Amino acid sequence: MARATPIERYRNIGISAHIDAGKTTTTERILFYTGVNHKIGEVHDGAATMDWMEQEQERGITITSAATTCFWSGMGKQFQPHRVNIIDTPGHVDFTIEVERSMRVLDGAVMVYCAVGGVQPQSETVWRQANKYKVPRIAFINKMDRTGANFLRAVEQIKTRLKGHAVPLQLPIGAEENFKGVIDLVKMKAINWNEADQGVTFEYEDIPAELLPEAQKWHQHLVESAAEASEDLMEKYLGGEEFTELELKAALRDLALRNEIVLVTCGSAFKNKGVQAMLDAVIEYLPSPTDVPAIAGQLEDGTPAERHPTDDEPFSALAFKIATDPFVGNLTFFRCYSGVVNSGDFVLNSVKDKRERVGRIVQMHANKREEIKEVRAGDIAAAIGLKDVTTGDTLCVESAPIILERMEFPEPVISVAVEPKTKADQEKMGLALGRLAQEDPSFRVWTDEESSQTIIAGMGELHLEIIVDRMRREFKVEANVGKPQVAYRETVRNEVKDIQGKHAKQSGGRGQYGHVVIDLFPLEEGAGYTFTNDIKGGVIPGEFIPGVDKGIREQLKSGPLAGYPVVDVGVRLHFGSYHDVDSSELAFKIAASMAFKSGFMQAKPVLLEPVMKVEVETPEDYMGDVIGDLNRRRGIIEGMEDGPSGKLVRALVPLAEMFGYATDLRSATQGRASYSMEFGKYAETPNNIAQAVIEARQSK
């Protein structure tokens, strides 16, 4: 089968925004204008097409990143049909992992901001992730029809808060209830959308006289920015020559693809204005798969390699999301980077070294699906029938194996114990949690060995609430949930040398003998654990050394101080002794764990706690109460600035003090303040609190 759309006309984009910036409505309008949806779904009715999980419709927030395919030929039908694959990304900080996952497989992004709220805290997290993966982006300032809408303030915030070189491509005509349309600063024309047909048709008109001076000023700004694209253009600009429309667009595209500028569009998705022109900007200024660098990976022997976006290269793809579908089981969403895959083909999961058969292949439109026979380089689709694929795995042809760059997922910061309400649900709960953990790599499940409780851990309270909720809805498992527990860690502050560990047992027959001498020392934050073997002259034979490392690693899982995982500790093995007959790997394992325990307690052990970055936006009247409350929670106020609806307070607060904060903040500010929270760092727990935590653990 030949390729239906040339790869140069593909756009793989993500639509990303803070909660409530109107991202889902924007996506809905895109689906409407591209002709996929004939009735516009509104978020407030709970009918939006992209938000297809029940909870999303109830909460009005987007949780699952759904991938949708649509076609666009321009609002004036001025382009050849372009294939646009949209990955809808959640805006809530507990779902940052979803955003990270989708950024990994995108070529470009549309950042949606609210014209009233501007750049909100969560927007910065998403921006950082887009920077990490070098994703070119354009901005869409939405909700221009809302009271307090201010386009230029939002543009300014992209510069100051996100350090993005924002260049307006349009200006709004009017604002709030007088928002009429936009000025196209390239064409220097006003665009007026027809309200009778929900903005499907439009007219170019002259710019209103009162807005002309402002439009000319910003047109000049656009031209100056474009001149930076090359020396030839700069010469032309300095020589006073005009740029043609084609030259201007080519220069702006070039700069946008190099991530040197962020072009800014505006509109009101709800009022059917602006989304159409923003789609044109996606086609004109965001990359096709051939405009971004080839994907890097490594071959089986570790040699670096890359795959180019052509159908002629061997097939390679990255699985970026697993979703459980009530009708077909597991759906594996994947981005095909090179080659072609057909339904029925056998592929290799090179990360797990397992051969899998691709059953059916579907292309998703939100929650409707179309079955297709093949997927070519540059496309995004979902496969049914892959059994053992998790997020971040590479799929490729067996004859040319490659492992594409892995994704990195953060460690969870909060855990709760869950138990099924009835014994009959025990097995179902295990199955459900296993399924959910496969879908979401930032969610972990394990059994606490001491209490035999099932523990689930994730990125925040909302994250775990939604997991429990999904267990109830999708798997019909009712569960009791314990109090949230903080994921403390243990480490040491001092170095201790020459710690002896000796395990000798003589009880008739063959005995056990292992003897080690180690140094134990702190490492810098985030270094984890290192083991150095400095044994000279064979005082411990080589075959027993792995046993020493194993013995210490086992101790790291449950530290000597309070049974929490140990981090950032180094061990150097430099002396010991052995017995010709009685020594074994097991004996050295026991000796090493004895030495580690004793050394750890001498090396000034401390408890570390997760500290969260908290941002509270509050009306000024409640400022004192909010700051006082954060101080009471052991918070360190990092800064304050003016926010769109009051003051923005940034603080670092220990997670242990943040439980139930949403309710307390609501009652302290009569529901007028909002906050967002994300993991910041691990820091030493104050002595009195550490003592209480340790005693509570020991009394269990």
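Glycine is treated like the rest: Cβ placed from N, Cα and C.
As recorded in Swiss-Prot:
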BINDING   17-24, 88-92, 142-145  GTP binding site
DOMAIN    8-290  domain 'tr-type G'
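Everything Swiss-Prot records as a feature, shown here on the structure.
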residue : record           : CB count, 10 Å
Ala17   : GTP binding site : 27
Asp20   : GTP binding site : 16
Lys23   : GTP binding site : 29
Thr89   : GTP binding site : 25
Met144  : GTP binding site : 30
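The secondary structure of Thr89 (GTP binding site), as reduced to three states from DSSP, is coil rather than helix or strand. According to its DSSP assignment, Met144 (GTP binding site) is coil.
In the three-state DSSP scheme, Asp20 (GTP binding site) falls into the coil class.
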